[in-house]
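S.K.: Not my notes, these are from TrEMBL:
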- 58-80: transmembrane segment (TRANSMEM)
- 92-109: transmembrane segment (TRANSMEM)
- 115-135: transmembrane segment (TRANSMEM)
- 147-168: transmembrane segment (TRANSMEM)
- 223-241: transmembrane segment (TRANSMEM)
- 248-264: transmembrane segment (TRANSMEM)
- 257-385: domain 'O-antigen ligase-related' (DOMAIN)
- 270-287: transmembrane segment (TRANSMEM)
- 294-313: transmembrane segment (TRANSMEM)
- 369-393: transmembrane segment (TRANSMEM)
- 405-438: transmembrane segment (TRANSMEM)
């Protein structure tokens, strides 16, 4: 006969066992085991993350484009809150202070149109923050190979979009969003470019008769170059990690094919970013005395050299340099950005403003750091850069093909923020990689 104490224990533990049995009945064994280890907290699902990048062609055709990041972030935030106990890495306060400072700079806004732009950019910053936290907290379901695979798929979509620009450079698509957005809003250049998608960046009315440059599935060629230069190292690392599978051959074929649209973008910033990544990976390989990696880099260099000889890259690049003064124009714009920021150094102007030079781009554009500095002030720029440097420093010990490629990506991002607007795909990629490499892997 059982003792009274044993009977009391059975009565207390029975509801607990029945609850666990109910959960076990609803969840696969592996998911149940993981949930138990986490105190009955379910894993964060993969689909909101994958939907952003794998589904990007659909968002592009629909006209949503980068708006998918805030939309997905709402879902991710709900899942994080439902799961409970959102963890953040040490040093995350740097980014949070930047967000607060950025929000406070709204006091510099002087018109309704600029307020709309401010809110849009703020939503994008919040979206990449949520994506960062989602990946950081999804240790069990987001392994390095999985994340690298999704980003490689996005790289492949970028390559296919580039080829669309090569094969049908004048193609344009009127998206369903055009039927929803009022005509008054479509008069805005950015809104118009979002609702009418083109596969190249080309101005037929320009006095400079330059060839169209691939840009799909992004608005601008610089956006294409930014994503391509950041994701190519990941694609190569993923190639190494899936040897012996069909995905290996697919990525292997896409790498040389990607060089055609890449070179025809004539994107000097992209070439610089790729050079930074290649140099860093070569140094890491040399320090580790990794002969196979060095041989692979040498083979890739030969492939790139052959592409330069076959494609009319040098001719088009020379033509662009001869007929365009973008280097001088950018230098003058950056100088004006610094001078005008010093007139409102604490919170900036809230948004870019027209340049004092006729025909020049708006001040606070042509580079994310210049946008942050002019729009949100010098402290915001310092915080933004400090966060990127923190990510690079915290992930410096990354190992393995994906780890080294990820660290190279963060270095590329740190360089490219000085001449590319990286909000939102480029910054999101950097935040994802940073979250992946910073966290303690539980698998």
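Think of each number as a place in line: the chain as shown, counted from 1.
Every residue, even glycine, has its Cβ placed from backbone N, Cα and C.
Remember, it's a predicted structure, so these values are computed and weren't measured experimentally.
Looking at the shown structure, can you explain where the listed features end up?
M.R.: Residues 44-45, 48-49, 51-52, 86, 123-124, 126-131, 133-134, 137, 161, 173, 175-178, 194-195, 197, 216-219, 424-425, 428 of the same chain lie 6 or more positions beyond the ends of the transmembrane segment (58-80) yet place their CB under 8 Å from a CB of it.
Residues 224-226, 228-230, 232-233, 262, 293-294, 297, 300-301, 404-405, 407-409, 411-412, 415-416 of the same chain sit 6 or more residues outside the transmembrane segment (270-287) yet have a Cβ under 8 Å from a Cβ within it.
Same-chain residues lying 6+ beyond the ends of the transmembrane segment (294-313) with a Cβ under 8 Å from its Cβ atoms: 236, 256, 259-260, 263-264, 266, 278, 281-282, 285-286.
When Cβ-Cβ distances below 8 Å are used as the criterion, the transmembrane segment (405-438) is approached by residues 52, 66, 69, 89, 121, 124-125, 127-129, 131-133, 135-136, 142, 144, 147-148, 151, 218, 222-223, 225-227, 229-231, 233-234, 236-237, 269, 272-274, 276-277, 280-281, 330, 365-371, 384-385, 388-389, 391-392, 394-396, 398 of the same chain, each at least six residues removed from its ends.
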S.K.: Looking at the domain 'O-antigen ligase-related' (257-385) alone, can you tell me the average pLDDT?
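M.R.: Averaged over the domain 'O-antigen ligase-related' (257-385), per-residue pLDDT gives 89.
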S.K.: Take the domain 'O-antigen ligase-related' (257-385) and count its residues per DSSP category (helix H/G/I, strand E/B, coil), listing them in that order.
M.R.: 93 helix, 2 strand, 34 coil
